[in-house]
Amino acid sequence: MGQNDPGPSEAPSLKKESEYSPLLNNQESASISEAYATFAPSSSTDSSDDSARASLSSDEESLGGSTPVEGAPPQLPRAAVLRIIFVLLLAVFVFNADSSLVMATHPIIASEFNALESSSWLVTGFGLAGSATQVIFGKLSDIYGRKPIILFCYIVFAIGCLIVGMGQSMVMVILGRVLSGSVGAGMSVLVSILITDLIPIREVATWRAYVNVAATTGRGVGGPLGGYLADLIGWRYSFIGQAPLLLLAVVLCWIYLPAKTQRLPDLPSKEDGGNKLARVDFLGSALLGLLILCFLLPLEIGGVKVPWTHPAIPALFGSAAVLTVLFIVAEKRWAREPILPLELFTRKDTVLSLLVMILQAAAQLGLMFCVPLYFQVTMKVSSTEAGTHLLPAFAGNAIGAILSGVFINRTGKYKWLIYFATLSAALSYSLLLLRWHGKTNWWEALYIFPGGFGTGMAQSVIFISLQAAVEPHHIAPAVSALYLSTGLGAIVGLASMSALLQQALRKTLESRLLALGLEAAQRAEIISSAVSSVDYIFQAKGKIAEAVVASYVDGLWYTHGMSLALSLLAFFLSLPLKEYKL
């Protein structure tokens, strides 16, 4: 960490004593610093810290039991933890509701400024900003503490929402979304880190399941609520209204969240004179952010805003490769406290956990992309009605997360759950391959439930697997890396599925139109229209309409095959994972 070892009077060392006790030392504290082996608010406290201490009175029921265990999370009173978790879940709900709200309202927002062609940047800008910055929040919270960083994220996110709500131009609105996105991912990362600080590792999966439920509820409510408010009082109030909720979260965090939740000592080394700013890896942060941006941007715009053959695509990927080399050199040679320690990637279990999450996220995002499209094409329903067919996956996601948490809490075992999660998802994609061929009844629509179930379970269990695999002082950066992996998998999955669908759609539709005896010019026009917008199915008539629908179904069949391949690969990669005693 770039600082002197603590003396006898300081926080005890939390090094793992064996491969079977990592969590007794870094207990899913993973995230944040080693959960409370030594829960001690900093000496420089204010009234809010006094309130936090008071709320931890010994006569309240403790989550951790009555006997302290060295290296385990501190025995926090249940009432105090519940208050803190409630505040964190409030922000999780707002963040996820905001994301789906924008999906529902971005055409309305852009249309007000006569800039419909730029509407997707409200989503893309938010996502890219979050991906580029989320990795740094774990390390910053190690340096400055969880409380100041999460308060900063809440405040900046609220400011971004206000900028969007009061924006007088499309550029200003997009900048507001970028500002919110730059800290939005940090909000999610820090919530998971704080939970691992506050909760014993065997209970972490259960509590993170509640985070999953709050996020799912937010995503489910945000879209319809945003559309309703846009029709009733205007889209601006959908964003302005988020600010009071976030400010409430700020006040409650200030009151109830202790000043210190980390297990490891928070002492800068003598050589920097106690200056925390000197510990921040600015060069590494900048290089990593640019690296992520250069890698993800072409995946976001390729085939959508610019063709894949555009010179910008290879230029951006090439820049990402160069920045990767520069980042590795900078972290090895100059970083005193690397923003993303390279040692994380020297441990087999860490790398495998991240790869499994990337693959699982890519497979599931492919399903989430394809299911509404399938019902729009085959049943000719609106996008809103088609979106309701995702509810079984959302329900499965929440149930899978909750059940995995209960199982881990009771047994302390998690490895077999990863196998079950990936195979459950594979079952879902197999059913889609076998049965979704254009005529799907209501109960066959439930085939996506195992996919959501497996992904929800995987998200909880892989979090535990990763925490068990890393050293205590690497927990916060590891959690950040896990969130980055999830986002990376989602973006790569979406880009891959979209490209595969378009390629298959073009090829199969060309074949069908040729069989109908259409001329080359007619075929080209129909293919261009069908690929550009799914709404073309409402305009096409007779045999041409049948050909378009059948070609869409064929193209979606290939995407289900890709999801199946990804989930099976995730299963095989999970086999060598080591299970640590929790």
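Just so it is clear, glycine is given a Cβ too, placed from its N, Cα and C backbone atoms.
Over in TrEMBL, the protein carries these features:
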DOMAIN    84-579  domain 'Major facilitator superfamily (MFS) profile'
REGION    1-23  region 'Disordered'
REGION    35-71  region 'Disordered'
TRANSMEM  80-98  transmembrane segment
TRANSMEM  118-137  transmembrane segment
TRANSMEM  149-168  transmembrane segment
TRANSMEM  174-195  transmembrane segment
TRANSMEM  278-299  transmembrane segment
TRANSMEM  311-330  transmembrane segment
TRANSMEM  351-375  transmembrane segment
TRANSMEM  390-409  transmembrane segment
TRANSMEM  416-434  transmembrane segment
TRANSMEM  446-469  transmembrane segment
TRANSMEM  481-501  transmembrane segment
TRANSMEM  557-577  transmembrane segment
* **Spatial neighbours of the transmembrane segment (390-409) far in sequence, C-beta under 8 Å, 6+ residues away** => 202-209, 212-213, 216, 219-220, 364, 367-368, 371-372, 417, 421, 424, 445-446, 448-461, 464, 582
* Asked: What residues in the same chain, six or more past the boundaries of the transmembrane segment (149-168), come closer than 8 Å to it by Cβ-Cβ distance?
  -> 91, 95, 98, 137, 140-141, 175-184, 186-187, 190-191, 194, 236-240, 242-243, 246-247, 249-250, 253-254, 257
* Structure fact -> Within the same chain, the residues 6 or more beyond the ends of the transmembrane segment (118-137) and with Cβ under 8 Å of it are 99, 102-103, 106-107, 109-111, 149, 153, 170, 173-174, 177-186, 188-190, 285, 288-290, 292-293, 296-297, 300-301, 304-305, 339-340, 477, 480-481, 483-484, 487-488, 491
* Take the domain 'Major facilitator superfamily (MFS) profile' (84-579) and average the pLDDT across it for me. => 84
* Asked: Are the transmembrane segment (278-299) and the transmembrane segment (351-375) close enough that 3 or more Cβ pairs fall under 8 Å, when only pairs 6 or more apart in sequence count?
  -> no
* Asked: List, by number or range, the same-chain residues at least 6 past the transmembrane segment (311-330) whose CB is under 8 A from its CB atoms?
  -> 283-284, 287-288, 290-291, 294-295, 297-298, 301-302, 342
